Amino acid sequence: MSSSSHSPSAFDRPRSVIKKILAKLQNEGDGAVVRRGIGRNDLKNLDPFLMLDDFSVTPPAGFPDHPHRGFETVTYMLQGGITHQDFAGHKGTIRTGDVQWMTAGRGIVHSEMPAGAGSQKGLQLWINLASRDKMMKPRYQEIPSDNIPRAEKDGVEVRVIAGESMGVRSPIYTQTPTMYLDFTLKPRAQVHQSIPDTWTSFVYIIDGEGVFGSPNSSPVAAHHVLVLGGGNGVSVWNKSSKPLRFVLIAGKPLNEPIVQYGPFVMNSQSEIAQAIEDYRYAKNGFEMAKYWRSQ
């Protein structure tokens, strides 16, 4: 619901902000610049989430051929376009508002390069896979902007990338159960979004500033990650004179060991050694890596 609530809170157990981190600029890939909110020293991961990058890529920079195993990558374009191609012959360009949900599973080798001149911007989220799913067959789900369900009410607009909000549901199937909502609040608008009790949740502010958790907390500005504590929902208020845009992301924790070596995320050191060997010798899911190079 997005209407105002007369009780002190819209939820019997409202979630509050338990950690606030400014995503600072750093270099990544080949000349790309990212603001990394998750996957850094002070926030290594947030089970089931491994990484969140707010990226900006200007040609000739990009993310040339690289592998993944054991998790999903979700790319959501905010401006411009990214062209990706992989060793299985999958190729395409996602543009502003489009989403690509890639389940790397046992192995993908791909490139992600800017699709035009100027700055190409977006968010990339890494979602871990349960041990039983890590070696699954790779899969893509791509949704053009026009097909992302949206709803609008009382100065609140939501784009539902995964999960459900304001009565609309996304067609994306999430291997690791995930909610991914892109909210824009006009000045003086507020939203109350329920979140499954046991799920991990966080907010990343794209534009503007907002009040999160309780109405008397201090406003937080763009490029902050806000980790939310336990509860069954979160409330957000835009008390400023400009629009507020943020993503609210939540997922079911896996509660499994995480062993990460760059683009490989498994449950044990021996599985990482196996992934490195499989990639090096082009086997167990990496067969096509032997001869493939992106064009």
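The backbone N, Cα and C atoms fix where each Cβ goes, glycine too.
Unlike curated entries, TrEMBL annotations are predicted automatically.
Annotated in TrEMBL:
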BINDING   HIS66, HIS68, HIS110, GLU112  Fe cation binding site
DOMAIN    34-127  domain 'Pirin N-terminal'
DOMAIN    180-285  domain 'Pirin C-terminal'
DSSP helix, strand and coil counts for the domain 'Pirin N-terminal' (34-127)?
0 helix, 65 strand, 29 coil
Take the Cβ of HIS110 (Fe cation binding site) and count every other Cβ within 10 Å, whichever protein chain it belongs to.
23
Residues near the Fe cation site, HIS66, HIS68, HIS110, GLU112 excluded, by Cβ within 8 Å of the Cβ center?
PHE63, ASP65, PRO67, THR73, HIS84, ASP86, ILE108, VAL109, SER111, PRO263
Can you check which residue among the binding-site residues HIS66, HIS68 has the largest number of Cβ atoms within 10 Å of its own?
HIS68
Does GLU112 (Fe cation binding site) have same-chain partners at least 6 apart in sequence with Cβ under 8 Å from its own Cβ, and which are they?
GLY62, PHE63, THR75, ILE82, THR83, HIS84
For the domain 'Pirin N-terminal' (34-127), the mean pLDDT of the predicted model:
96
